[in-house]
């Protein structure tokens, strides 16, 4: 039967209007605006040492944070799905906190916590580790905002994972460790990887939770989004747009490469 | 649990304790820090900071911005989910990708794009200035930036659910002679109401808590273009820590209520909804 349901035209019309006005036209401005500087001008803006240092920090700390989130997220997803224990529901609900907590609040909270006189900052300082107002602080904030992406990507796959493969492995004499490593982990691999990619993508552009804890020292702990703000404050729209475009372009390339890698992995598994 | 495919008891307990410890350090400690700092000098100074006229103006502005942004994205999200989940058409995959786009854009860029369009040196800036219309550094800019960052929430919550539900019930209603509006209101809406509410809640939490995007388009004028998260920043930079953390605590409460409501809605809906 051809669709007797009405409303496609109206729904699509509203959708494209909404998408076009709110997302596509503004993003077009971002893509077009930098080029009034000319290709050489754009290159000069994004290869300025301060900008390069900021891009390196934003992408490096985001990658580090996403990799740290991987084992933690896997652990939380695992115990929430597989075990029954007091506090499980609380754990499950609390995972979403970074989604719901305003980023500025997260930034303030982490700064208070990790400042040299904070609950965690003081003992760490005694050990000689400085977190707040250093690049490490940036990574801590980014790990915080990225964690739910890993947990929520792994959880549904783990929940739907049939137990018979594990039983078969056990019957065939595999130890529990071998089963986990050879059977369970490969099955979770793709979900885990896409969770890490989501956490990374979110962390690269993160602003609110970072600027309080970062200290924002040029060349050291200044993130790329902050440089956009700095350029805007000097009314240099084209340079601000150029940095924004560079961030988007780099993220896009990284995620594209990652998707290709993932596709290969999937083919290898099939 | 079959012992052959389970972990030894001690290991299970160890992993659970480890996960709870991580939860405590990563999630609960920051929350506790916000409330402790807010109440450092007791309740009265914290409440006084919230009753400050600038703080009240920030609360009002935040509510106003969310009151425009959330309905716009709810309407758009429902329309997009209806088209994507119930129909086949060309360009569907592109549309799904484009709807997700704002999630992969930095909040600062989400604000920047509006400045590029409507700022003093933006494409439409001079035209607007000649007519005395203010968008950037005024309320419309805050609304637009907020719509941009909260764009995908409702659509993303609804699309997987409506796809899973299929179109059999709607087709039956159409065969029985129901109009499009009747089908939506009597058949589709009851099926998606909890998910819809959950998506709206998440959208609202983000709208009220957004910082980066609104920070770029706000003129940072106290009592005029400061939303609550921006007010937090101003107070913090002025070393008014009790006030900053008091407003932050209010926002944290909003987040907790949202999480609680979301957990409740998931139980009502009887299935896990796709998160943000």
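Yeah, the Cβs are placed from backbone N, Cα and C, and that goes for glycine too.
With a threshold of 8 Å between CB atoms, the same-chain residues lying at least 6 positions outside the transmembrane segment (B:12-35) that come near it are 6, 245, 248-249, 252, 256. According to TrEMBL, the transmembrane segment annotation covers B:12-35 (among others).
Remote same-chain partners of the transmembrane segment (B:55-82), defined as residues 6 or more beyond its termini with a Cβ less than 8 Å from a stretch Cβ, comprise 49, 95, 99, 139, 142-143, 146-147, 150-159, 162, 184, 188, 196, 199-200, 203-204, 207-208, 214, 222-231, 243, 247, 250. Annotation comment: TrEMBL describes B:55-82 (among others) as transmembrane segment.
What TrEMBL records for B:59-260 is domain 'ABC transmembrane type-1'.
Here TrEMBL flags B:94-117 (among others) as transmembrane segment.
Within the chain carrying the transmembrane segment (B:137-159), a Cβ under 8 angstroms from the stretch's Cβ atoms is held by residues 61, 64-66, 68-70, 72-74, 76-78, 80-81, 84-85, 96, 99-103, 105, 107, 110-111, 113-115, 118, 192, 195-196, 198-200, 202-203, 206-207, 210, 213-214, 216-219, 221, 225, 227, 273-274, 276, all 6 or more beyond its ends. Positions annotated as transmembrane segment by TrEMBL: B:137-159 (among others).
Look at TrEMBL and you will find B:241-265 (among others) tagged as transmembrane segment.
Sequence-distant contacts of the transmembrane segment (B:241-265), counting only residues of its own chain at least 6 positions beyond either end whose CB sits under 8 Å from a CB of the stretch, comprise 31, 34-35, 37-38, 40-41, 45-47, 49-50, 52, 55, 58-59, 194-195, 197-198, 201-202, 204-205, 208-209, 228-229, 231-233, 235, 273.
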